[in-house]
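Annotated features, as they stand in Swiss-Prot:
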- S14, F15, R35, K108, A140, R255, E281: NADPH binding site (BINDING)
- K108, G136, K191, D244, S254, R255, N256: sn-glycerol 3-phosphate binding site (BINDING)
- K191: active site, proton acceptor (ACT_SITE)
Amino acid sequence: MTEQQPIAVLGGGSFGTAIANLLAENGQAVRQWMRDPEQAEAIRSRRENPRYLKGVKVHPGVEPVTDLERTLADCQLIFVALPSSALRKVLQPHQLALTDKLLVSLTKGIEAHTFKLMSEILEEIAPQARIGVISGPNLAREIAEHELTATVVASEDDELCARVQAALHGRTFRVYASRDRFGVELGGALKNVYAIMAGLAAAMDMGENTRSMLITRALAEMTRFAVKLGANPMTFLGLAGVGDLIVTCSSPKSRNYQVGHALGEGLSLEQAVSRLGETAEGVNTLRVLKEKSDEMQVYMPLVAGLHAILFEGRTLAQVIQLLMRGEPKTDVDFIPTTGF
């Protein structure tokens, strides 16, 4: 199925560009909106996004644009790849233009002052729109370089899921569907925090046992927190949970992993984020997640430990000592431990 109208991708970053390329390769006409006219002109003239995805050719079917009002008017299916800190500011003035649109969030973040996920913000801005999210183990550069990849589109709107699958599904990109939008989106946001910790552990040359422990305990923490908020724990055993967690905590291509690695090399948080040159959602998510988990009294020792290192002046050695002294609880929280 080929969309009769062009499809919009909002955001000029690496992931937005990778998704725009996939759509164009599948025969779709794509309008990729970005705020910076110089960036748009660079992509238009060089067919490359030199700032965020250097070395990857941008498909001729991707048209970089800077007129947001016209882009929203022309397109029915709209992928939103804006930073979490900018999403509301960019789209709020155009809420009438979003009525009855299909809005699919690609952003894995949480709004700091409200603890709202991106799809919840989209619902606030455009209550008459149809909302979905995409999440999974999806490193932008690997998608752009046609590594075999799978993702999840999640929405209670089955037709929206089907349209996204038809638009994106291709020879190297497989799209599964889920109705647990909240769980899928929450998994994508939470794992960024643990990727920072994984990068820090790698820079400190910690062993494979340690890294495995961190990833599996991170999964337990994520699931414990998400279930308290009403998500389906089974979602965290799929691509948007353990799948995304593994790739983000294992790959130097992950932005949040890079921030953690830079911290382990001795850089300050400000220096680490500055060196990255892109948005690392995990830093902001850590702040709001620590506050929310304390408020809800959810046991999240890894979150508390990383927060202590980044924002409370604790050293890694001090935090490790506290973590290893903690009382060990059950390994898996969501099955009975009696009768086995």
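Using N, Cα and C of the backbone, Cβ positions are placed for all residues, glycine too.
Where Swiss-Prot records a feature, it is marked here on the structure.
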| residue | record | CB count, 10 Å |
| --- | --- | --- |
| S14 | NADPH binding site | 24 |
| F15 | NADPH binding site | 25 |
| R35 | NADPH binding site | 14 |
| K108 | NADPH binding site | 29 |
| G136 | sn-glycerol 3-phosphate binding site | 24 |
| A140 | NADPH binding site | 24 |
| K191 | sn-glycerol 3-phosphate binding site | 32 |
| D244 | sn-glycerol 3-phosphate binding site | 30 |
| S254 | sn-glycerol 3-phosphate binding site | 25 |
| N256 | sn-glycerol 3-phosphate binding site | 27 |
Number of other Cβ atoms within 10 Å of the Cβ of R255 (NADPH binding site) across all protein chains:
24
Using the residues the record lists for NADPH (S14, F15, R35, K108, A140, R255, E281), what whole-number Å value is the largest Cα to Cα distance?
22
Can you give the largest Cα to Cα distance in Å, as a whole number, for the residues K108, G136, K191, D244, S254, R255, N256 that bind sn-glycerol 3-phosphate in the record?
15
C-beta crowding around E281 (NADPH binding site), within 10 angstroms
22
Taking only the Cα atoms, work out how far S254 (sn-glycerol 3-phosphate binding site) lies from S14 (NADPH binding site), in Å, as a whole number.
12
Nearest of the binding-site residues (K191, D244, N256) to S14 (NADPH binding site), judged by Cα-Cα distance:
N256
Between F15 (NADPH binding site) and G136 (sn-glycerol 3-phosphate binding site), how many Å separate their Cα atoms?
12
Shell list (sn-glycerol 3-phosphate; ref centroid = CB of K108, G136, K191, D244, S254, R255, N256; cutoff 8 A):
P137, N138, G188, N192, A195, V247, T248, E281, G282
